[in-house]
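Here is the structure we will look at, set down as structure tokens.
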Amino acid sequence: MVVAAVVVEQKNKVVGEEKEELVLDGGFVVPDKVVSSHGCRNYNAENERQKTVENLYREQHTTQTLDFVKKMRAEYGKLNRAEMSIWDCCELLNSVVDDSDPDLDEPQIQHLLQSAEAIRKDYPNEDWLHLTALIHDLGKILLLPQFGGLPQWAVVGDTFPLGCAFDESNVHHKYFAENPDSKNPIYSTKNGVYKEGCGLDSVYMSWGHDDYMYLVAKENKTTLPSAALFIVRYHSFYPLHKHGAYKHLMNKQDEEDIKWLHIFNKYDLYSKSKVHVDVAAVKPYYQSLIAKVSTAKSLLGLWACISYWASLITLCFFNFGF
């Protein structure tokens, strides 16, 4: 399935007489000074939350190795621990807070809905993208005790490839010095265990909610558009889509799909707000969207027997295994 690339044009708008801001059509405003620096990702502020964020990355960068990722993929690829509907999973995220996010400590369901609603306003006909926004972070329920209670460093945070050199664009790069892989003569080279142009699908990414959701889809032979899967797996891969690192591992399909990720990323970052979406008000739309892609069979797992009759998305026997 081919999804045509769409270019989002960002506009500069003068607000008042002195303050210039970047405005996206979705209705949320991005201060220009933020875009020019870290884009809502300020890791340098001196406060308690920043200390929590930095401690998470210290643990992540020293513990996530290629062997660790292979073990986690083998274990969680069994998809044998839990079953629930898409909306139930969204609501479950009310009890999850992402310690890696330096900007926001709101319940995760609000982040999902804020992102999805902003995209919906700008792209009313791309309902596959609305759905992708709604589900892109659902893997964060791995943090909850009933789903394994994994530590934050194994679920959230920016992601990066294993089996090759750690690029300096990775946030808090200094902590990779204590990672055993940094001392491996092969893993510490630019290409490492990979070939240039191999395609990101062949690359082992650090373990977390992104790779988990991607693995669930792949293991169940989903026919989600490749751009949607690319968004799910790489939306936290900031060294790539923010700094251009690791592009030597991409293939032609990756180059097409990353265009959609650049679009999605604006909404993932800049729709974060303390102003909550009215869940009850928007729930009927998202339930209708889920129903639109469902067969007469009941949902099994996070996705179960979901088919998109409008020929955009089909997800088959998609168990959310833990």
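Note: Cβ is positioned from N, Cα and C throughout, glycine not excepted.
In the structure as shown, the Cβ atom of His235 (Fe cation binding site) sits within 10 Å of 23 other Cβ atoms. Feature annotation from TrEMBL assigns substrate binding site to Arg41, Asp98, Asp99, Ser100, Lys140, Gly157, Asp158, His235, Ser236.
Residues or ranges marked as Fe cation binding site by TrEMBL: His111, His136, Asp137, His209, His235, Asp268.
Positions annotated as transmembrane segment by TrEMBL: 300-320.
When Cα-Cα distances from His209 (Fe cation binding site) are compared across the binding-site residues Asp99, Lys140, Asp158, the shortest belongs to Lys140. By neighbour count, meaning other C-beta atoms within 10 Å, the densest spot among the binding-site residues His111, His136, His209 is His209.
Here the candidates are the binding-site residues Asp99, Asp158, Ser236. The one whose C-alpha lies nearest to that of Asp137 (Fe cation binding site) is Ser236.
Here Asp158 (substrate binding site) is positioned 9 angstrom away from His235 (Fe cation binding site), judged by their C-alpha atoms. In this structure, the CA atom of His111 (Fe cation binding site) is 12 Å away from the CA atom of Lys140 (substrate binding site).
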